[in-house]
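Q: Pulled these features from Swiss-Prot for this protein:
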type    : residues                                                       : note
BINDING : GLY207, ALA208, PRO209, GLY210, VAL211, GLY212, LYS213, THR214 : ATP 1 binding site
BINDING : GLY604, PRO605, THR606, GLY607, VAL608, GLY609, LYS610, THR611 : ATP 2 binding site
COILED  : 392-523                                                        : coiled coil
DOMAIN  : 3-147                                                          : domain 'Clp R'
REGION  : 6-71                                                           : region 'Repeat 1'
REGION  : 84-147                                                         : region 'Repeat 2'
REGION  : 160-341                                                        : region 'NBD1'
REGION  : 342-544                                                        : region 'Linker'
REGION  : 554-764                                                        : region 'NBD2'
REGION  : 765-858                                                        : region 'C-terminal'
Amino acid sequence: MNIDKFTAHAKSVIANHQSLAIKNDHQQILPLHLLSSLLSEETGIIQALINNIGGNINLLKDQVQLELNKIPKIQVDGGGQIYYSAEDLKVLEKSSSIAKDSGDSFVTIERIFEALTYDNTIAGKILTNNGINSKKLATAILHLRKGKKADTESAENNYDALKRYGRDVTELAENGKLDPIIGRDEEIRRAVQVLSRRMKNNPVLIGAPGVGKTAIIEGLAQRIFSKDVPETLINCRIIELDIGALIAGAQYRGEFEKRLKAVLSEIKESSGEIILFIDELHLLVGTGKVDGAMDASNLLKPMLARGELHCIGATTLDEYRKYIEKDAALARRFQPVYVGEPSVEDTISILRGIKEKYELHHAVRISDSAIVAAATLSNRYITDRYLPDKAIDLIDEACSRMKIELSSKPEELDELDRRIIQIKIELAALKKENDEHSKKKITSLTEELKKLESKSYDMNTKWQAEKSKLQQAQKLKEELEQARIDLERAERDANLAKASELKYGIIPEIMNKLQEAENMDNKGLLKEIVSESDIASIISRITGIPIDTMLSSERERLLVIEQKLCESVIGQDEAIKGVSDAVRRSRSGIQDINRPLGSFLFLGPTGVGKTELTKALAGFLFDDRNALLRIDMSEYMEKHSISRLIGAPPGYIGYDQGGVLTESVRRRPYQVILFDEVEKAHLDIFNIMLQILDEGRLTDSQGITVDFKNTIIVLTSNLGAEILVNQKEGEDTYKVRDEVMQYVRAVFKPEFLNRLDEIILFHRLNRNNIHDIVKIQLGSLKKILLQQNIILEFDESALNYLAEKGYDPSFGARPLKRLIQREIQNNLAKMILAGEISSGNTVKIRREKEELSINIID
């Protein structure tokens, strides 16, 4: 016996049976150990042989283990010597002899298994008693190998290669494990047309990720199963090639090629009845190419050209262009079938078709409004992915979320139980006290506890009943699904009696029971129907865009948005109204969906509230005044600085980092973008804004389209500020506007100005405005001091003093801020550090003659 003539798997079995004997403290290595090792081998070849003969591998394993337990254990200090029994060596010799007689160059595991049938010990008897003899086994091996000889050390890897390295899609269709395919008739028809050709009958499905390329293959498999295809394809089977399994473990040079050749050989022998489906077709180019070896695509080319291999590929347009088109010889052997993104209407039909599968899996119900919302909202708000994939993901996640909620305790009941635990803890603590107040408290808490426990018991009973009803409905859905699969099978096999029983008896009965089980009280504790609001909530979490159903409180808030913004911005009613209208349009869903929510050019002198209004708007929308992207346009005075906004071009440093503007909007699609002091930027920068303002999108340096449709864009400028500063009381507003617009038109191109929603003038602040701003500024200071437990008070004289001294029509409110810092904050800081003002003090500010006085009240 030459151990080198055994395959790698056979050597592994021999090593394992030796380890088994040592592990069990047996002195001899017996054929029984060899049989046990064979039954546990990982390739599945022995199991396939036993199943073919009609044996039961689990029964064999139990019998072998029973006999192994009977062998006496011998334990010797320091480790005893273990040796091969004569019978074991005889079996291995016999396996070599069988392999040689069969024309094999190497001894494989099935030859060792065959040799065991000639064994006269207990191992051979177990096989004989289970109906496994040498004659049956030889026939099964011949069927398994399909006439192939074991001529390599990895011969077992080439047996039944299609089953090992592929997935039978047609079999999945037969077992009802594929989702129904709605639409895509044209693409399936085109694929069938190419497959029916005499030569080069290999379609390649090309389309964006998520449009349903693999679904077309599943649809074709279902049509083959239902015989809804031309005669040439009726007996075909679609096998999906697993390239990962093909490559995995191919450690020796040439092993990958042998595996692939074994797959191709089986396909060739099938006489055109096997259609090979290769997902991610571009992976074939270069796969297996090491040190001059041929890659997978070169192995396929001859068979593809001769029409011996029916192959369907699937890849994206970018990868087809990058890998397949570069290899012209490979590209010409495939016929492209372009798969486009389905429309929203088609997506709704697809979702309705797969609805039952998701309801069955998640044990929930999906409303039709949820399906429509998933298609329309995903198309509108998730712009970097494709239909129907993104819509299906929304349905799946919404169902998953509801399933988790159904399996956990209802929130109302959970809060009740927590309150009961809290009361019990309080009672335990109060029982240690003897005073009268504690006794009264114990009495009141005990009464409350009784009421809550009674309520909890009732709710718990109701919850369990509802849960039981849902579980019953789920079981009925599973039975209904299985009955429908059985009906299809019965109709296909022409078993009319069974088909009639299922169609007119069993299925209607299950449906009636299911209808009764689903008639749950809408006011129950459990909600099992996925609605439109659930889909909107999922999109809000994914994108950050608040499109979930507005609460009545928010509706009221949006109607008074002007009042909220006026609390921060004084004297700019026209600007506030324009911005407020834009927000209301967006939140009510009636704005143009192909443009940003609003685009404004704020014109006015410094310090009148242009930037402040933008911050106030961000604060209103996000409850955070700093939740806006602020881009200071004075940093973009050079032409080349455009690359900072959209990313550096290929070949430059920072190409892979993205742009300041595009990356921010990609990560947070719903935000306020402030381009501050736009007149200072290079004029070429405004050219990239044209498509943002008009189409609501921008392509960055990497070719990724960024969606700006959910942003509010604000541009601020000081152009024409001199005119607005010198504007007299009661002067014609239209005349002033025309003069300012002359300055604006001299700087900005008409196509840029024409794309803005509104150009808003910020007028200079008057004394009354400054008086109101003083209140706001001191109010902010009051809040800061309150954090240190210091109360700040000021009278009307102090307000008038600050308004008079802080008023400068040319500089707006900014001098006022500096005045408050100089006159109040500096003095307060000194007094706090000196210990004159401490926590709990009240500080009163009033005017005394021509200055402010700060008085401390304990």
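Backbone N, Cα and C atoms are what each Cβ position is placed from, and that goes for glycine too.
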Q: With a 10 Å radius around each C-beta, find which of these binding-site residues (LYS213, LYS610) has the fewest other C-beta atoms nearby.
A: LYS213
Q: In the same chain, which residues outside the set GLY604, PRO605, THR606, GLY607, VAL608, GLY609, LYS610, THR611 have their CB within 8 A of the centroid of the CB atoms that define the ATP 2 site?
A: PHE602, GLU612, THR716, PHE762, GLY812, ALA813
Q: Near the ATP 1 site, what residues other than GLY207, ALA208, PRO209, GLY210, VAL211, GLY212, LYS213, THR214 in the same chain have a C-beta no further than 8 Å from the centroid of the listed C-beta atoms?
A: ALA215, THR316, VAL339, TYR386, ASP389
Q: Rounded to an integer, what is the Cα-Cα distance in Å between THR214 (ATP 1 binding site) and THR611 (ATP 2 binding site)?
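A: On Cα coordinates alone, these residues lie 51 Å apart.
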Q: 10 Å Cβ neighbour count around VAL211 (ATP 1 binding site)?
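A: If we count other Cβ atoms within 10 Å of VAL211 (ATP 1 binding site), we arrive at 23.
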Q: According to DSSP, how is the domain 'Clp R' (3-147) divided among helix, strand and coil residues?
A: 95 helix, 6 strand, 44 coil
Q: Give me the count of other Cβ atoms within 10 A of the Cβ belonging to PRO605 (ATP 2 binding site).
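A: If we count other Cβ atoms within 10 Å of PRO605 (ATP 2 binding site), we arrive at 23.
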Q: Taking helix as H, G and I and strand as E and B in DSSP, count the residues of the region 'C-terminal' (765-858) in helix, strand and coil.
A: 51 helix, 20 strand, 23 coil
Q: Using a 10 Å cut-off on Cβ-Cβ distances across all protein chains shown, tell me which of the binding-site residues (ALA208, VAL608) has the largest neighbour count.
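A: That would be VAL608, with the most Cβ atoms nearby.
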Q: Between PRO605 (ATP 2 binding site) and GLY210 (ATP 1 binding site), how many Å separate their Cα atoms?
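A: On Cα coordinates alone, these residues lie 51 Å apart.
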Q: Using DSSP reduced to three states, classify THR214 (ATP 1 binding site) as helix, strand or coil.
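A: THR214 (ATP 1 binding site) sits in a helix per DSSP.
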Q: Find the one among the binding-site residues ALA208, VAL211, GLY212, LYS213 whose C-alpha lies closest to that of THR606 (ATP 2 binding site).
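A: Sorting the binding-site residues by distance from THR606 (ATP 2 binding site), the top entry is ALA208.
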Q: Would you find the one among the binding-site residues GLY207, PRO209, GLY210, GLY212, GLY604 whose Cβ has the most company, meaning other Cβ atoms within 10 Å?
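A: Its Cβ has the most other Cβ atoms within 10 Å: GLY212.
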